[in-house]
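Worksheet: the structure to be examined is printed underneath.
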């Protein structure tokens, strides 16, 4: 097996309070090769476990089980530390402080009765005994056996005392009892009862507020970063004061803030540095107010920026351990090796310590060790183990041989080649054992050896071979790729409106790869179908028989295969069979198509057509129109109507007309668009068909010249009011198209006849038509306005329709006028915004208002509309829209940059759409100036609403960073704004100026959206955009370098010329070609030594096409040999040799010795690692 230094995998928390009724269990587990041995110290000295009969060690670990049933538990209190050791190093645990939980009794005391006048303030002190951990305090009345009712007048402080802002007669009790509940032992202790007598013979009068706690005008509070800040103000006064809070010069963090104890306590969770400042609590009643200022300072126990990580190095390589922490005050960093301070450890010339960094140069076999980093300040400490293992191992491929990868076409394909070796093997790929695969479209070979095909196609199927090589050997492995056709729903289920008692059928026809077995599932409203035999599922359909009201909802068909899925949904609306079908989902029908003329005669023709989609409202009838291309081109005249179930009509025609026909479909929503016109059909002129012609007078007034059939054409117009037996009034008019009759009442129905006559006589008796007299403006306004707000942008308004007689005309509909008055932000002023109008046709009583602005106050009113105009305005109605997601920040700029930091500044959104909760900043390293087009992992930072600038430190120099910023409210984050910037290019020291190589006049393909990767999905392809470019010709260092090179070349030419003229030879030194093996090159991109750096800031950038599952990332030297020695699938072969996974795997146990230890309590600060 491969040797491995110890790694702590599990340890007890730093502060361990035990119950004396139970055994003490102190965890310490570790792994390594050989298996580590364990030892313990207590209070800094060796703890001989074997000599104590009450202490047992769990087999295979260092965990201690201490039996305290027959001993005094206090004897085992103290500070414990575990050590795990094998021949390759020593790992140590945190200092674990063991303390016994305590629930002491109250000291004996005699409480005198308290006598007070009504209206004065009063404090009943609890003063519980100091337990471990502290007890939970509550007050009870012994006579009633339940907790005292608390309100804004009577409240319990954080320290347990009971405060009365003013006492009342009902506060008289003989047994106010304070109880302390100790959580570990689950015991409850009580204080001696306190008697309170409230007198009413000289009551206290009304008075302005004053503070009972804290006292004075100001106080101070210190809180640690990450903890919960608790601020408390309790005031007295009569009437009882109200408490309010504010922060001077800033806003309270609404997302982390809460009020308790009737607003007397302000709590802010997860405190950060921005929470420091002055907090003002105010007490107010009708006689005045009082203020108290609390100055809050935020300190911080040490917290990790980057913990040291395990290193695996080959002989003669160089590695770096980095221990980056922060805190307030700044933590002190101390390094240990195998549990011994570096100052006291044997001298090692290959090791160099620079504050938070240990540089190991030219390591040799046998120099494996475990390093410890301890960072401490007065508030706590952090300690992490990181081993350095020096190995020389030939390559091994860990991916199982002949593995078959299946992927859906147009999705990424990942072919793995996990390997182990030291030095780290180089991976090369071949397709079908012949074609060498190189980085570049369509392939990417990742650092951990995984081959990625961006968009897999069927032609990519085949056999792939990966070869792992280092200077100690070579290994190969074969895998196979199968690219499958995607699963697609060809015919989706359609929306249905079905009458109750009828059947509904949803179709769902699917296409899939023949080699994949599909499974179809139907859901109703995202849940399983009801267990009802009325629901019949076939291969490609769902039928619901005898539909009931409960069947209404959304039905989804889901087609799953082992590789992908597709789904489609449709809604079922159940119609109860009333006079009108519901408006849900109904639309105007599509126009008929394919008009055809058949059975043509002199005066008739057969017209047929194909109906369009009725859009969930059955077609009621078809309207047939014609155009006379000879006499009135462009004018369409109604000719005939047929039932909605017909698709043909026999049309009677008039002579001497050039006909073109079109058809419109009508459902309850309205008419469709007209169909395309039919071909032209001409009728011949008539000999003597006066009856037919005059019959048209009623419909085609005035008659065209070809229909008058004689001179002197006039019209006789007759009318009388409908439903009366009065005489017909009449008037004769010339050949015009209208006749105006005055003096009629408003909008009354009339019977009207129009008869044509000429010099040869009158036409046939005309039919009676119904018409209406003129309209006037409506008299009434809609009433009973109600507004239902559905979400932040949609509201529904309801009203009571006006009476039909008050319309005084043909009802056109209702107009809703609405205007945004202002936003709901306290600081936002009223704005003069344009009034918006929505018209709802017909006799409606409700309508929806879309496109509203979130978190706003709106005002609306309604008018009824007829053909004459609008009626009076209804009463106004105001309503508020709830919060929504904010708009994008108004700008995002990078204001300053340096070698390792960038300062960002941004502006608040133009539209907050609610109370701004803060900002989310995501950023990732992009392309270093000398690297390929790749993007690194995304880091996320949260900011308060009042923060508009930040400085990002610990960045890599000469690096492009991409930033994505969004604002957020309680409803979520809004759209992002993006920015990108380079850190300053480093030209000093031993770093090569990277602007001298490639990276110019290239194009970089940027992702369509921030690369926060999801499970494999189709890749979006975006056009390449020009890379940011730097004009190196204007750089001072470049000009100087070029001058120096030119001068050097000139000197060499002169020397060569002189030597040649003298007959000498230009000497060469073969040794120049060999580099001193003691000298290790520095990387161009990060300045680290050698190849196996493991600091957080020096990891290589990851590609922008890195797949979402994160499996293709190699974390360089953070590979833990722990992963190769135990657990996992197939980690040992038959002879026990090591084949554990090498690449990309991280420690999974959160208690790993090299993981971060969380910020400790002050107890831990006193027991900082030694």
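Cβ from N, Cα, C; glycine included.
All annotation found in TrEMBL is predicted automatically rather than curated by experts.
Annotation comment: TrEMBL describes 6-93 (among others) as domain 'Ig-like'.
Per TrEMBL, domain 'Ig-like' is recorded for 104-195 (among others).
Here TrEMBL flags 208-297 (among others) as domain 'Ig-like'.
Sequence annotations record features per position, and here TrEMBL assigns domain 'Ig-like' to 302-389 (among others).
Under the heading domain 'Ig-like', TrEMBL lists 395-482 (among others).
Feature annotation from TrEMBL assigns domain 'Ig-like' to 486-573 (among others).
The domain 'Fibronectin type-III' annotation in TrEMBL covers 591-686 (among others). Break the domain 'Fibronectin type-III' (591-686) down by DSSP state and the numbers are 0 helix, 50 strand, 46 coil.
Across the residues of the domain 'Fibronectin type-III' (687-776), the predicted structure has a mean pLDDT of 67. Per TrEMBL, domain 'Fibronectin type-III' is recorded for 687-776 (among others).
The feature domain 'Fibronectin type-III' is assigned by TrEMBL to 781-884 (among others).
TrEMBL lists 888-987 (among others) with the feature domain 'Fibronectin type-III'.
Feature annotation from TrEMBL assigns transmembrane segment to 1037-1058.
Residues or ranges marked as region 'Disordered' by TrEMBL: 1066-1170.
Summarising the annotation, TrEMBL assigns compositional bias 'Basic and acidic residues' to 1068-1086 (among others).
Among the features that TrEMBL reports, compositional bias 'Basic and acidic residues' is placed at 1144-1154 (among others).
Residues or ranges marked as compositional bias 'Polar residues' in TrEMBL: 1156-1170.
Helix, strand and coil counts under DSSP for the domain 'Ig-like' (302-389) come to 0 helix, 52 strand, 36 coil. Contact between the domain 'Fibronectin type-III' (888-987) and the domain 'Ig-like' (208-297) is present: at least three CB pairs lie under 8 Å, with pairs separated by 6 or more positions in sequence. Pairs of Cβ atoms less than 8 Å apart link the domain 'Ig-like' (6-93) most often to 302-389, out of 208-297, 302-389, 486-573, 781-884.
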